[in-house]
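Read through the structure below, which is laid out as structure tokens, and then see the notes.
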Amino acid sequence: MMVILHFNVHAPKSNGRIVEVAWVMFRDRRTFLFFMATMVLGQGFGAIFTFLFVLLADLGDKGAVMGLSLLVTCLTEVPIFFVADKIINSIGMIHSYIACTLLMAVRLTFFFFMHNPWLVLIVEGIHGVTFGVMWATGVTYCRKIAPKGLGATMQGWYTGWTFGFSMGSGSLIAGALASRFGLPTMFLVLGLVSGATGVFMLVGNSLGMLGEANDEEKSFYSQFDDGNGEKVAKERNVEMREVTVEENGHKKQDETCEAETNKAGQEA
């Protein structure tokens with residue numbers, strides 16, 4: 001602490017653009033629903049992180065299952081980050097988020113029916129998909145929708161929205177529900193909310209209720225929402241190579257004509 005006091009820290013003056021980042025949430029129905037789905041997922045994580053071990057203890061676990069369940073979540077989470085881009089490119093960003101909400105619903109609802117603490121290991125592997133794919137999709141989406149020059153701020157907003165507001169409110173809501181109805185019923189209610197969110201997104205996206213992407217984002221959605229990101233990228237690379245070859249051909253023709261002109265001038 002004494003060492004830190006010797007440093008002169010000058011915080012940059014806020015220019016009010018944080019409001020611009022916050023307003024991005026309401027730019028269209030698609031983006032608004034994206035953040036609402038993030039809130040539902042974050043609240044599910046908040047409930048699990050706060051009360052799952054309490055439920056396991058109530059079911060008779062002395063600590064072994066708690067440790068193993070945490071190990072399973074970590075072991076499944078890490079490899080998912082390595083293949084998250086392939087998952088997103090295969091099924092699209094919107095469908096990736098839908099899958100996360102539905103899997104979260106399965107995980108939360110399972111806790112309601114669980115009567116043996118060891119059974120938790122069956123569904124804890126779902127955490128790798130729900131968190132890994134959600135996070136990879138979220139940061140990629142926020143990078144694209146961020147106002148110019150505010151990419152890092154947008155990432156910070158998404159992090160605060162997920163780990164701060166969503167998980168924090170999830171813990172509070174879960175605590176209120178658990179104190180009134182019990183832990184199993186609390187997990188069931190949050191599971192139903194997550195499932196309803198996923199179904200709404202699925203139906204809404206199928207019916208075009210989420211709105212169309214604006215012109216600035218069309219190329220972005222064509223890579224992810226159409227589920228053919230690799231194909232689109234390859235086609236664009238081919239087009240760029242064709243343009244480069246054509247430009248090089250014109251350049252060589254110009255050089256040849258210039259050389260012939262200079263030669264004719266020297267002979268004259």
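In case you wondered, yes, glycine gets a Cβ from its N, Cα and C as well.
Just so you know, TrEMBL annotations are computer predictions that nobody has curated.
The compositional bias 'Basic and acidic residues' feature in TrEMBL is assigned to 242-255.
Under the heading domain 'Major facilitator superfamily associated', TrEMBL lists 19-188.
Sequence annotations record features per position, and here TrEMBL assigns region 'Disordered' to 242-268.
Residues or ranges marked as transmembrane segment by TrEMBL: 32-57 (among others). Remote same-chain partners of the transmembrane segment (32-57), defined as residues 6 or more beyond its termini with a Cβ less than 8 Å from a stretch Cβ, comprise 25-26, 65-66, 69, 97, 100-101, 104, 107-108, 111, 114, 117, 120, 127, 130-131, 134, 138, 141, 158, 161-163, 165-171, 173-175, 178, 183-184, 186-187, 190-191, 193-194, 197, 201, 204, 210.
Under the heading transmembrane segment, TrEMBL lists 63-84 (among others).
Look at TrEMBL and you will find 96-113 (among others) tagged as transmembrane segment.
For the transmembrane segment (119-137), the list of distant contacts is 38, 41, 44-45, 48, 52, 56, 65, 68-69, 72-73, 75-81, 84-85, 87-88, 93, 96-97, 99-100, 103-104, 106-107, 110-111, 162: same-chain residues at least six beyond its ends, Cβ to Cβ under 8 Å. Residues or ranges marked as transmembrane segment in TrEMBL: 119-137 (among others).
Listed by sequence, the residues of this chain that lie at least six past the ends of the transmembrane segment (158-177) yet keep a Cβ under 8 A from its Cβ atoms are 35, 38-47, 49-51, 135, 138-139, 142, 185-186, 189-190. Positions annotated as transmembrane segment by TrEMBL: 158-177 (among others).
If you look up TrEMBL, you'll see 183-203 (among others) marked as transmembrane segment.
The predicted model assigns the domain 'Major facilitator superfamily associated' (19-188) a mean pLDDT of 92. Distant neighbours of the transmembrane segment (96-113): 34, 37, 40-41, 44, 47-48, 52, 55, 87-88, 119-120, 122-124, 126-127, 129-130, 133-134, 137, 183-185, 187-188, 190-192, 194-195, 197-199, 201-202, 205; these residues of the same chain sit at least 6 beyond its ends, with a Cβ under 8 Å from one of its Cβ atoms.
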